[in-house]
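Now, the feature entries from Swiss-Prot:
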- His84, His183: heme b b562 binding site (BINDING)
- His98, His197: heme b b566 binding site (BINDING)
- His202: ubiquinone binding site (BINDING)
- 34-54: transmembrane segment (TRANSMEM)
- 78-99: transmembrane segment (TRANSMEM)
- 114-134: transmembrane segment (TRANSMEM)
- 179-199: transmembrane segment (TRANSMEM)
- 227-247: transmembrane segment (TRANSMEM)
- 289-309: transmembrane segment (TRANSMEM)
- 321-341: transmembrane segment (TRANSMEM)
- 348-368: transmembrane segment (TRANSMEM)
Amino acid sequence: MTHQLRKSHPLLKLVNHSLIDLPTPSNISTWWNFGSLLGLTLMIQILTGVFLMMHFSPSDTTAFSSVAYTSREVWFGWLIRSFHTNGASIFFMFIFLHIGRGLYYASYLHENTWNVGVIMLFLLMATAFMGYVLPWGQMSFWGAAVITNLLSAIPYIGDTIVPWIWGGPSVNNATLTRFTALHFLLPFIILALLITHLIFLHERGSFNPAGLSKNTDKIPFHPYYTMKDVLGAVLAASMLLTLALYLPALLGDPENFTPANPMATPSHIKPEWYFLFAYAILRSIPNKLGGVLAMFSSIFILLLIPFLHTTTQQPMSLRPLSQLLFWTLILNFLALTWIGGKPVNSPYILLGQITSLLYFITILILMPLLGALENKTTKPPFI
């Protein structure tokens, strides 16, 4: 009876086709776990965010104290807040691993799925930035002032856009109110895009590590991969609990424990760690407009990846030179993240310029050239 119901009921049938009887390649590895982990962490972020919003006061005079009140007076408020703030870090760590897996195994050849994912990444970064502003601490205030002021670099309309976003001549109560509304709204838009992402994914099926035909050997998603996803969820929950309970302030900035003061500038303004790679690229270009364009290009360049795939082989599993270039790109990304957290002085300025240039050269020039070169080598007979 249950077997027939899940295949005939209009709603259960969708769940069955997506999570139970979904034909899945038999050889996908743990690297394919991050999709389900991202869905889980997104739901954790939405649920904890809704509970935090119940006690948040979007006013420049009471926002900081309302966050402190939530942590001190609300039943388990400290735990919910710790889950939300550290959950964002876990979320972005999984996102970067998910993107890295897509680059390594050429999942970007599903253009629709990949492009929706890149749009989700941009909206997630926008959502996280607005969320970072809400506590109205010292780093929140000055981070909002610096980043939003970058839009003034847009020719002709930049000086008009910035006061419109601020709701006045500077970052003020109207800015906080707008960011609160958008921070609450955007996760639900991201959730809709996630469903679109899954629809495109299930339309063509998942890639596999060997790059073989997707129809060669398939098994049902349940119970084989649901058990693997449950194990991944347990490990992810362990990481989140460790951060939330033992090291809740590890990934935060001490400056943000001080209420916002427009009359005192922090010695070093920097965003959260998951923005540091883009922040390093922004700082490495002395021209304001050039820096803004480079910062946004560091994200939207991912949209070009499918068009830069020149090799006839899909994954990098059998392409040792491409593997070397891939890990060079990963190390370059980590170097940019490290540089973005350092002060703007020597030698970090020069290092930032070198790593920023290498980031774009690797993606736009070296990877396509190496793919074309690999086409001239002898291909294994089963590719």
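Cβ coordinates come from backbone N, Cα and C, glycine included.
Its Cβ taken as reference, His183 (heme b b562 binding site) is surrounded by 22 other Cβ atoms within 10 Å in the chains shown.
Within the same chain, residues 31, 34-35, 37-38, 41-42, 44-45, 48-49, 51-52, 67, 70-72, 117, 121, 124, 128, 131, 236, 239-240, 243-245, 248, 251-252, 272-274, 302, 333 sit at least 6 positions outside the transmembrane segment (78-99) and bring their C-beta atoms closer than 8 Å to a C-beta of that stretch. Once Cβ contacts within 10 Å are tallied over all protein chains shown, the binding-site residues His84, His98, His197, His202 are led by His197. Note: the stretches the transmembrane segment (34-54) and the transmembrane segment (348-368) are not in contact (fewer than 3 CB pairs below 8 A, sequence gap of 6 or more). Residues of the same chain lying 6 or more positions beyond the ends of the transmembrane segment (348-368) and with a Cβ under 8 Å from any Cβ of it are 280-281, 283-285, 294, 297-298, 301, 304-305, 308-310, 322, 325, 328-329, 332-333, 335-336, 339-340, 342. Closest to the residue listed as 'ubiquinone binding site' in space, going by CA atoms and restricting to the binding-site residues His84, His98, His183, is His98. Of the recorded residues, His197 (heme b b566 binding site) and His183 (heme b b562 binding site) place their C-alpha atoms 21 Å from one another.
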